[in-house]
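What TrEMBL annotates here:
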BINDING   Arg76, Gly77, Ala78, Arg119, Gln224, Asn274, Lys275  substrate binding site
SITE      Cys185  site 'Transition state stabilizer'
ACT_SITE  Asp265  active site, proton donor
Amino acid sequence: MNRFLSDGKLERKNRKFLRQNLMLTLESDLMRTIDWKDESNSVVLVDQTLLPKEYRIIECKTLSSLCEAIKSLRIRGAPALGAAGGFGIALAAFLSEAKDIETITRDLEVAGKTLKSTRPTAVNLSWGVDRVLRAISDAFDVQGVRDIALQEAKDIAEEDVAINKLIGKYGAKLLKDGDTVLTHCNAGRLACVDWGTALGVARSAIAEGKEIKVIACETRPLNQGSRITTWELMQDNIPVTLISDSMAGWAMRQGLVDSVLVGADRITQDVVFNKIGTYSLSILAKEHEIPFYVAAPISTFDFDGWEGSVKIEMRNPDELRFFGSEQLAPKDVEVYNPAFDATPMENITAVITEKGIFYPPFLLDEVLV
């Protein structure tokens, strides 16, 4: 069990820490990646499967539609999934027809299990679900459950923005004026409620007046790098160059990369789980003596987990056999398609969190001090 997620004292300590830091206002023409619509008591989110061709907001009025959005990666990214978990429980609370607190509590526990099963490797999803379920224990009636669940979910979203700003503030210290950072998948505002983790570090450095350029790996097979990261950075006028995944080593050898900056879906005592391909980049960076940074909130930490205890999600084989409707491989070819890999701590230069920068080897408990 994740002690940070289950220990109310640690959670309250982290909230106090956030309140003591400046809550900065973001200016963006884009809506938040995921939010609550009060008028219809529903969840609204950016459909990331349509990017970059189309920017569309979809509305999830049922738990099944939200679960489908999570499974199909319409909403993705560890911090964004944390918010989705929280909003999912709030949505289930408003959909429940329960007349007493015992029944609605059971309904929400079932909803929580359903939500968690959609993306088992992403610890933030479970964290968001569990946090709201803990919060409703203070309710005295059905309406109280709904009110508390919604407020807690909204708090998760607000805190995510503040946390990402803090991650950016600390991480910006690691980037020099004129640096080019290589990133993998998408750990930007679209992977969070707003601002971003890894890309948030680049944004914060730019906000400080530094000139920062980004190299984005395409991130096969779903191309989150080419479809989402490049689009997002171009919306903010941040210089970005797209490369295929197989070009990363050569780009490093040519001296084009000053550091590698990625997010995380789960951090255990011994490894960082992130989008498939991250491990390979860590080996390349180590070989070329290039710093390899991971930017992630503490909610991504699995304090009692180890590599062998985590189930890695396996994706649909057709993600490799097809690109959209275009066939790329024989329809019956055997496919190995894990969504994530695990990067050993010894390959990581530093982990950037809202509590500061931590250099391996370190005990995960140290981030709570």
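Using the three backbone atoms N, Cα and C, a Cβ is placed for every residue, glycine included.
The recorded positions close to Asp265 (active site, proton donor), defined as a CA atom within 10 A of its CA, are Gly77, Ala78, Lys275 out of Gly77, Ala78, Cys185, Lys275. Cβ contacts within 10 Å of Gly77 (substrate binding site), excluding its own Cβ and spanning all protein chains shown: 31.
On its own chain, Arg119 (substrate binding site) has Ile70, Lys71, Leu81, Leu125, Glu313 as residues at least 6 apart in sequence with a Cβ closer than 8 Å to its own Cβ. Put simply, Ala78 (substrate binding site) is 12 Å from Cys185 (site 'Transition state stabilizer') when counted between their Cα atoms. Here the Cβ of Arg76 (substrate binding site) has 27 other Cβ atoms within 10 Å, regardless of which shown protein chain they belong to. All protein chains considered, the CB of Gln224 (substrate binding site) has 27 other CB atoms within 10 Å. Note: Ala78 (substrate binding site) has non-local neighbours Ala122, Val123, Asn124, Ala191, Thr197, Gly263, Ala264, Asp265, Arg266, Ala296, Pro297, Ser299, Thr300, i.e. same-chain residues 6+ apart with C-beta under 8 A of its own C-beta.
Residues Arg76, Gly77, Ala78, Arg119, Gln224, Asn274, Lys275 make up the record's substrate site, and a Cβ search at 8 Å around their centroid adds Leu81, Ala122, Cys185, Asn186, Ala187, Ala191, Gly263, Asp265, Ala339, Phe340 from the same chain.
Listed in sequence order, His184, Cys185, Thr219, Gln224, Val262, Asp265, Ala339, Phe340, Asp341 are the same-chain residues six or more apart from Lys275 (substrate binding site) with CB atoms under 8 A from its CB.
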